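The structure appears right after this line, and notes come after that.
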Amino acid sequence: MIQLLFLVLVAEAAVAAVLLFKTPLRKLAVMGIDRLKRGRRAPVAVKTVAGVVLALLASTLYSMAEISGRAGGDPESGGGGGGGASLSTTDQVLFSRHLLEASLMGYSLFLALVIDRLHQYIRELRGLKKNVEAVTKHNKMLEEAKHGRSEETKKYQEEIGALNEDMKKLKLQVQEKTEEVHVAEDKALAIRKQSESLLLEYDRLLEDNQHLREQLQSIDHRLSSPK
């Protein structure tokens, strides 16, 4: 039984060492423990094994206590009536064997508890890492979306600024054209007034010409009439 306990203890120590350090073997160890814990019967089997080991440990401790009590209740053993009670060679061998078995079983149970806790912590750590990665990815997506929106907004602002500049240029051009139209209207009005004055002058000249013709005709008539 001692050899079996040694093998179990060495295996548990190896598994605990694998779980403590981040190596490729840790993943395999975690997968193996997951398979052992998976299913409805796995927890029952683990509890059964732990109960058997505890029962054996209690039996071993009881045997050690019985040996110690037997040594204390036998004052004549070990020679020298006035000396303290001592264990016989057989009892010493049995006591040492029971002590070794109890130590191995205690260490085995302790390492099993350590392995279980390490496995639980590793699973929780992986879950936390996945959550952190998901949150980080989400924040990165939000930052990229925010950056893209800011760039898009900046682009729209630049386009709006360019349109405003174009509108200002168009307003200046419209103002210039409006001034040119006003100047042309003023020129047209001046030319119209000048044309009206020329027409009036022309009419006046026509009247004067008509009047002069009438006078010439009357003079001719007078000159052509006999005396």
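First residue shown is number 1, and so on along the chain.
Placed from the backbone N, Cα and C atoms, the Cβ positions cover glycine too.
Annotated coiled coil per TrEMBL: 118-222, in sequence order.
The transmembrane segment annotation in TrEMBL covers 6-23 (among others). Beyond its flanks by at least six residues, the transmembrane segment (6-23) meets 29-30, 33, 104, 107-108, 111-112, 114-115, 118-119, 122 of its own chain at Cβ-Cβ distances under 8 Å.
Positions annotated as transmembrane segment by TrEMBL: 44-65 (among others). Only residues 6 or more beyond the boundaries of the transmembrane segment (44-65), in the same chain, are considered here, and those with a CB under 8 A from a CB of the stretch are 36-37, 94-95, 98-99, 101-102, 105-106, 108-109, 112.
Under the heading transmembrane segment, TrEMBL lists 95-115 (among others).
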